[in-house]
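Read the structure below first, then the notes.
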Amino acid sequence: MATATSTPAGQRISTRSSAASTPLSPTRITRLREKEELRNLNDRLAIYIEKVRSLESENSVLQLQISEKEEVRSREITGLKSLYETELADTRKSLDDTARERARLQIELGKIKTEHEQLLQNYAKKEADLIGAQAKLKELEAAFNSKEAVLATALLDKKSLEATLADLQDQVSELSQDLVSAKKQLEDETLLRVDLQNRYQSLGEDFEFRKNVYDEASNPGEMKDFRRRHETRMVEVDSGKQNEYEFKLAQALAEMRQQHDEQVKLYKEQMEQTYQAKARELSSEMNSSSASMAHEELKETRLRVESLSAQLASLQKETRGWQDRIDELEAALAQEKDNSRRVLAEREREIAEIREKMQQQLDDYEQLLDVKLALDMEINAYRKLLEGEEERLKLSPSPSSRVTVSRASSSRSVRTTRGKRKRVDVEESEASSSVRIAHSASATGNVCIDELDVDGKFIRLHNTSEQDQPMGGMELTRTIGETSATFKFNAKYVLRANQKVTIWANNAGVSASYPTDLIWKNQSSWGTGEDVKVVLKNSQGEVRCLLSVMLLCKRVFGRRLCCLGGWGWSEINKHSLVPQLGGSKILTEMGNAGFVGGPY
């Protein structure tokens, strides 16, 4: 092969001319043709080897760059990780301190609230006692006022009785004087009556005498006898009447004097008894124990009211102090909360920036790793081609033409980005077993395709909104190549908020559980294939959700090479298919080693 690579073009031309001048046997011609073909193959192989060497040199440069990038990335990641961990530890420490301070303030606030409630209860109790004491004070003041009114009335009655007694004494003295004058007048009247009676009797006797004289003038003897008897009788009558009159007059005066004295004495005794009774009653009321107790209780009540008023003022002052303290603590707590929120927001912003930088570096690393893996795959393919040619031609490989590819240790990378388009990129750096699977998903409504089964058993939908979604008239179509299957929802079916629904094929082996699991009785399977498209349309035919999964494969030396657009080639075994693909998750099996890739 080395000779073939060093053969000049002029030598090949001269050989052809000499062969044309002499006749050649068919065997010779065949050998020459084979030799020419071998030269061509050697030239091509030389070109391949040069290409491989150039690619190896480029690969070594790229590997050096990748190692440098990995080293820089590891240093940056380590620095960022340590910085992030330091910041996170500081943030957690400050958050813990804030939480402890907040808990302490809450405990202190609870204690203050409890003390405040206790003070309010004591204040209410003291206020109730004060109201009761004030009511009792009012009652005692009313009783005291009534007693004072009774005392004033009694004093007024005493004064009026004393005035009445003085008047009565004056009247007694006046009546005594009147009695004396009346006695004197009675005596005068008695004397006058006696005198008048005597005069009357004298006049009667004079009349009788004159009559007798007249009769005697008519009968002188009888007149003389009658005159003599009459004069004797008059003398006897006059002396007897005079003695009797004086005795009766003295007796009548004595009786009248005695009766008057008895009446005056009786009236005086009654007045004295009444006055003494009133005086005793007033003295007993003034000096009674109830009055003294009322005065003492009134005094104590006043002192208690003053004490309660002082305590009430003190409690009100203390309550105002505690209220000010509570307001101050609440303000401090609110300020601390604001500071904590600002610190947490700043930490979250810094963490987001660090994550963004890390994600950018991961993206750069992913791109470099994609290039490296693509180059490794190309180099491996060329190596296999050369080995196959050498084995077919029974040639021993030259040391300069052997392509050596080191097997890197198995590694996986999963990259996640958010957006309307999603991709899963799961890789193994070994050239013999690596896979990449791509899908795209988009949704214009509240319902998205959450998961599908490549074996055709089910398709799962998810209502990601907070509102119920009517599904009546909507169609779910799965297309694999030229074959499609369409499921139409019932007119009354409603997909609840944040709920998932799974539409199972009839041969899936599950039972219906309305409204989360529906059975498509007219379809035994959703179908299987490598190029899958699932579309959800509304009743007007508008596309509400779309999921597309594509897997391109090619066989090289008995293996399948799968190409995903411009992402490069990845090699998978015949049975390393993806059992489940979904808008939110993809499950990938790598030969005998299970591997799960998350959303990308």
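Quick reminder: no glycine exception, Cβ is built from N, Cα and C everywhere.
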Range annotated as region 'Disordered' - as stated in TrEMBL, picked from 1-26, 79-104, 183-208: 1-26
Counts by DSSP class (helix H/G/I, strand E/B, coil) across the domain 'LTD' (435-559): 3 helix, 67 strand, 55 coil
Averaged pLDDT score, the coiled coil (31-199): 81
